Amino acid sequence: MDGIMEVPVRRQNMGRKKSEMAVPGFTLGAFILLLLVSSVANYPSGKVTKSCHGMIPEHGRTPQSDPPCYISVSQTTFRPGEQIKVTLSGPPFKGFLLEARDENLTGPPIGSFTLIDSQVSQLLTCEDIQGSAVSHTSPSNKREIKVYWNAPSSAPNHIKFLATVVEKYNIYWVMIPGPIISQPNVLPFTTPKATIAPMPTLPPVSQLTKSFNASDCGNKKFCIRSPLNCDPEKELACVFLSFTRDAKSVMVEMSGPSKGYLSFAFSHDQWMGDDDAYVCILEDQTVHIQPSHLTGRSHPVVDSRDPLEDMAWRLADGVMQCSFRRNITFPGVKNRFDLNASYYIFLADGAADHGRIHKHSQQPLITYDKYNVTGYPENIGGSHSLFLLKVHGALMFVAWMTTVSVGVLIARFFKPVWLKPLFGDAAWFQVHRMLMLTTSALTFIAFLLPFIYRGGWNWHAGYHPYLGCIVMILAVLQLLSAAFRPPLHDPRN
């Protein structure tokens, strides 16, 4: 591509230069292929400050009883300013959260911690108190965690240590009680009489006896299907989502091939973030139906199941089906959208491990426009790739797999053959230059399209936009180097 803007002095010299650029041209073209590759690894990092107050993981599961882990301390009395060694130990566990509270377990965490091994533990700022809690740094298995607790000058008479321990995503213990330590010369702490609180009851979930069907789509049901007009009763590959309205609620049915999870979300725009989501997760041959909300390109934050009724599910021939009923409006309930309004609708699926979902296996299916699912019943489809992004990919493919490759091959092999003048210069060079300029023009247009789609820079797209910027810079540098290259007999050569 070097020299594509230069007025040639000798065709032979230009042919030599174009041939020399054949390999770099292919190198840059191969480099562009990196833009088509994306991998995401998402591991728990222990940044669990949202769980500081209740010490409950946002996993949407019921905590286990009879914890296998325990907390021990180096001494049972303390004075303000002293350090107490605290040890959390037990069978292998992946995550934990350790705090010190007053004897009644009310109020914010007390004191601060000092790490002994920063490779496995980290400090958190809870309730605006720096270092008031300790959590894990990675999901690796641990058997023992040791830290120092620093007694504050205004410490209460009694301190109790608490820990939440996660064995795996769906198995965890909340607020495991540890020993109580006291200041000297105070009355011993007496445990108040325990009152047995009723265990929270989850809404009942039943099994579906037959498959969903599309017979009422566009008549009584608002349906989204991929492929369009497929029937989940007859086609295993049919991705199906329907909404059937009654007086104050809407019945939702979702079906599709999946070995991990199916999900859908209502969104104000065509990208993830601040969305009302619902996930059906396969775990131990049971499907759990979980309302959630999305806060950007991260795992859904699990919400209470209370808003859902009439939950049911079915597994057959690799197809997951789930259904539930929810009210059209939830006044005062956070993260649940008013279904009297119109939204874009996302459908996604992917793998799940012990109840924890992973990134969807392909781009979500997104409706072409906003729709009101409780309005007039319609029968619509969607796309896994929006039009602008399709054009972006198509232009980049044409530029770097077609025009640049053909241009380099012409410079390398057709120089001795196409010597006949064309518009004042050798035909091979004119064709080569046209193809290289076309490559740069297509790259520039493709480079702009994602910015138009997102309305600016996308901070959640990984390394893809950075590689795109590098490619655009290299393409511009090629043009500049060609424009400023001196003629053959110039003294600077």
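Each residue, glycine too, has its Cβ placed from N, Cα and C.
Sequence annotations record features per position, and here TrEMBL assigns domain 'Reelin' to 33-198. Note on the domain 'Reelin' (33-198): mean pLDDT across this stretch is 83.
Residues annotated as domain 'DOMON' in TrEMBL: 235-350.
The domain 'Cytochrome b561' annotation in TrEMBL covers 354-493.
The transmembrane segment annotation in TrEMBL covers 394-414 (among others).
For 434-453 (among others), the entry in TrEMBL reads transmembrane segment. Residues 1, 4, 386, 388-389, 391-393, 395-396, 398-400, 403-404, 406-407, 410, 465, 468, 471-472, 475-476, 478-479 of the same chain lie 6 or more positions beyond the ends of the transmembrane segment (434-453) yet place their CB under 8 Å from a CB of it.
The transmembrane segment feature in TrEMBL is assigned to 465-484 (among others).
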Summary of DSSP states over the domain 'Cytochrome b561' (354-493), given as helix, strand and coil counts: 75 helix, 17 strand, 48 coil
Run through the domain 'DOMON' (235-350) and tell me, per DSSP, how many residues are helix, strand and coil. 0 helix, 69 strand, 47 coil
